[in-house]
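J.: My questions all concern the structure below.
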Amino acid sequence: MARRDLESGGGRTKNNRTEENYTAHESSNLYEADTHWTSWLVPMFVVANIAVFVVSMYINNCPKNNLGLQGGCVAKFLGRFSFEPMQENPLLGPSSSTLTKMGALRWDNVVNGHQGWRLVTCIWLHAGIIHLLANMLSLVFIGIRLEQQFGFVRIGVIYLVSGFGGSVLSCLFIRDHTSVGASGALFGLLGAMLSELITNWTIYSNKAMALLTLLVIIVINLGIGILPHVDNFAHIGGFVVGFLLGFILLPRPQFGWLEQRRLPAGVRLKSKYKAYQYVLWIVSLVLLAAGLAIALVMLFRGEKGYDHCHWCRYLTCVPTSKWECSNGS
């Protein structure tokens, strides 16, 4: 994304110390000094995901539990950490039964088994080492920069709540398949990046290029979700939740408020945020609370998402002559 540059004020006379007297360079220094953080939570998330995967492989114990019906274990030299046969899990990971035992997302367990905790635990599980590496590289690339700019609290909330939102939407539409992975949480970070760009529009240089670049990345990633065997509902749910949370948690104070410490007594100060930022904050908070509440009520009442949105099946898989779609409804 484009580097943020603060716009300069209009005045330059040193004797008149008003908010218009500071250059973009001075404002940028003041702004960046107050907002730079050391990233430690995102690396901890990466370590936690890797640790959970190692534990899942230990519990899986392919040499002992594999019956050989779909071939032998892969990488047998790893012992009990060897992978399931490629016919069962081409992503090089544990069996579906092991993932379910450890907290994978499955509609029947969540609704009929009253195991709502799976909406959270599934975020930390991965289907295989390929799945894990892809998600963790994305998390490092996106998450560290965001945590450095906005701190661990806000980015941690966006990551976890987006992952939860993705799980809720996935479970609402997909009933017959097991779902795992941090993709919903990662798409939440992408959504937050987009809303952060929108709500802090005035502090960006090369605004159009930054927006275009981000939109291309988002469209490509969501486009991959229309392929079979990819849970695009988790992606979409996480993205929407993250997009709304970005308006709530990531607005930047406007320039006049940032410089108020340099203003003499009696000078009228600006509001911390601009009017449109307050409007976006309120609207996003209402939509987020109402959306999650309605989705959870529908889920635990056993309603099918497709009953209320027949065309939504095309959001997760588009049938072609090359493949068929099974939406798990």
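Keep in mind that glycine also has a Cβ here, set from the backbone N, Cα and C atoms.
Relevant sequence annotations retrieved from TrEMBL are reproduced here:
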type: DOMAIN; residues: 114-251; note: domain 'Peptidase S54 rhomboid'
type: REGION; residues: 1-21; note: region 'Disordered'
type: TRANSMEM; residues: 40-59; note: transmembrane segment
type: TRANSMEM; residues: 123-144; note: transmembrane segment
type: TRANSMEM; residues: 156-175; note: transmembrane segment
type: TRANSMEM; residues: 181-201; note: transmembrane segment
type: TRANSMEM; residues: 208-227; note: transmembrane segment
type: TRANSMEM; residues: 233-251; note: transmembrane segment
type: TRANSMEM; residues: 278-300; note: transmembrane segment
J.: For the transmembrane segment (40-59), could you work out the same-chain residues 6 or more beyond its ends whose Cβ comes under 8 Å from its Cβ atoms?
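T.: Answer is 80-81, 83, 93-94, 98-99, 101-102, 124-126, 129, 132, 135-136, 139-140, 143-144, 146-147, 152, 155-156, 159, 182.
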J.: Applying the under-8 angstroms CB criterion, which one of 181-201, 208-227, 233-251, 278-300 scores highest with the transmembrane segment (123-144)?
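T.: Looking at each of 181-201, 208-227, 233-251, 278-300 in turn, the most contacts to the transmembrane segment (123-144) are made by 181-201.
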J.: When the domain 'Peptidase S54 rhomboid' (114-251) is classified with DSSP, how many of its residues are helical, how many are strand and how many are coil?
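T.: In the domain 'Peptidase S54 rhomboid' (114-251), the DSSP-based counts are 107 helix, 2 strand, 29 coil.
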J.: Going along the chain, which residues at least six beyond the ends of the transmembrane segment (208-227) come within the CB cut-off of under 8 Å?
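T.: Same-chain residues near the transmembrane segment (208-227) but 6 or more away: 1-2, 187, 190-191, 193-194, 197, 235-236, 239, 314-318, 323.
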J.: Which residues of the chain, 6 or more past the ends of the transmembrane segment (156-175), have a CB below 8 A from one of its CBs?
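T.: Same-chain contacts beyond the ends: 41, 45, 105, 107-108, 110-111, 118-120, 122-123, 143, 182-185, 187-189, 191-192, 231, 233-242, 245-246, 249, 292, 295-296, 298-299, 303-306, 312, 316, 327-329.
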